[in-house]
Amino acid sequence: MKGCFPPLMQFKHSFLTFGLFLLLLFISIPIFTSSHHNQTTMSSSFSNFLSFVIISVSFLPNALCRRPITSSLPHSQILHVSKSIQNTLQVLSPNIKSLQQQPLYSSSSSSSAFSISIYPRSSLVKPQHTDYTSLTLSRLARDSARVSSLNAMLQLSPTNFTYSHLKSVRTMSGPEEFQTPLISGSSQGSGEYFAGLGVGEPAKEFYMAIDTGSDINWLQCEPCDECYQQTDPIFDPSDSSTYNQLSCDSPVCSALELSGCYTDTCMYQVSYGDGSFTEGELATETVSFGDSGSFPNVAIGCGHDNEGLFTGSAGLLGLGGGSLSLPSQVKASSFSYCLVDRDSDSSSTLEFNSAGPSDSVFAPLLRNSRRDTFFYVGLEGISVGGEILQVPASIFQMDDNGRGGIIVDSGTAVTRLQSSAYNALRDTFVKYAQNLPSAGEFELFDTCFDLSAMSTANVPTVAFHFSGGRTLPLHAQNTVVPIDSSGKFCLAFAPTDEAMSIIGNVQQQGTRVSYDLTNNLVGFSRDKC
């Protein structure tokens, strides 16, 4: 029993076993007392009865262990194989929508709510690949760099040491004095989803990568000392009447983790751990959300030297939990987004102050005192095919030193689980996916299937079980993903040796994720894009 249930469950099932024994004994007494058999027969019958009870009781715990605890959930989901393969071909098509055809904003039903449109990278920037396998490889390379970046950010905050110790405002003889890290040299671009935001007065629209794992908002600015290729024209501060450089003694400048001072202008630098970085001057500017609202004096980095994995986007929208993030600066009580299929040309919205869907599955939103950027979620367990994985709940929890836990991140693609949890998920998935032909491994994916002969497939349901008793079952397309155009699909989870786990955007696709910042809740509502 110890391998199946925690202590409280062991007690409950031991009590149940004893109760069942007493019930069987009580029912059987009248049978034996009224029997007309002789003493020998009576003794033999009672002995057989006791043997039956003992055997039944001994098998009961194992039966309880094997019985799916999540019996109310569908044990499998339908994966539309043909449609997924068609999307892999479509994403490589040169028929990318013109930016002028894309609506940057969407209407809002509430005067206090505002929103902007979100697009997958591939609908705005044509992938520079001739086949889907090479596109997948580049995505996985960016994703690995992303995960390394997040863990590096957290590791910079050891126990009893906060980012306030790293703040540095110093006088510089030139803006180039920042220490810049070596870059990876990749030009494929980071951020799988872009949002259109108006910047300046008059407003000019820019497509910027959205990132719940960052706080600083920034965009590339003229004059560019070093800028990567972006889809939009580069922002020119001289064209805006509301652009205002910040001085070194401004409160916003002191809120930066790393800052410098050049001719009394606040200089910022953000490094992302994967070799990417941006640096320039910190300013305030008006940002607008179409007809749904605009906000003056939003702190934004004007990057003159930007290198690494940002190709395609004009900059980055920080949606994290820190004081300089966009939600914090516009004083949003909540925000939500829905990420469409990364291989589609459709769009959804990033919304602020709008009520989340009524059918949302809510989980506690937790914070880490060592790093206020990340949004942690209270997760108690995971089930596959209706079977709860036999891993301790503590594996998903944050300890007193801020280690561990699981975050929801828009910038990470593939969900990362600590190795023991991942191994349990993979093994249980394979057990219930015996109808799917195995196809070996692919890069970080160690469990793949050949679905080339199928138009649809039954895929075991993977579900997240949050604190408070709420459960979120994932669609099949959130569980297995194509890695080529020939029908090879892989289980879209990966192990990590780091303490922190991550719920990535593959698992979030097609689900509206709502962050209730007032009540500290994260909501998940499927099919609400």
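Start at 1 and count along the chain as shown; that gives each residue its number.
Even glycines carry a Cβ here, placed using N, Cα and C.
TrEMBL has this to say about the protein:
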- 15-33: transmembrane segment (TRANSMEM)
- 45-64: transmembrane segment (TRANSMEM)
- 193-525: domain 'Peptidase A1' (DOMAIN)
- ASP211: active site (ACT_SITE)
- ASP409: active site (ACT_SITE)
Number of Cβ atoms other than its own within 10 Å, given for ASP211 (active site): 26
Under 8 Å by Cβ from ASP409 (active site), same chain, sequence gap 6 or more: LEU150, THR212, GLY213, PHE374, PHE375, ILE502, ILE503, GLY504, ASN505
For the domain 'Peptidase A1' (193-525), the mean pLDDT of the predicted model: 94
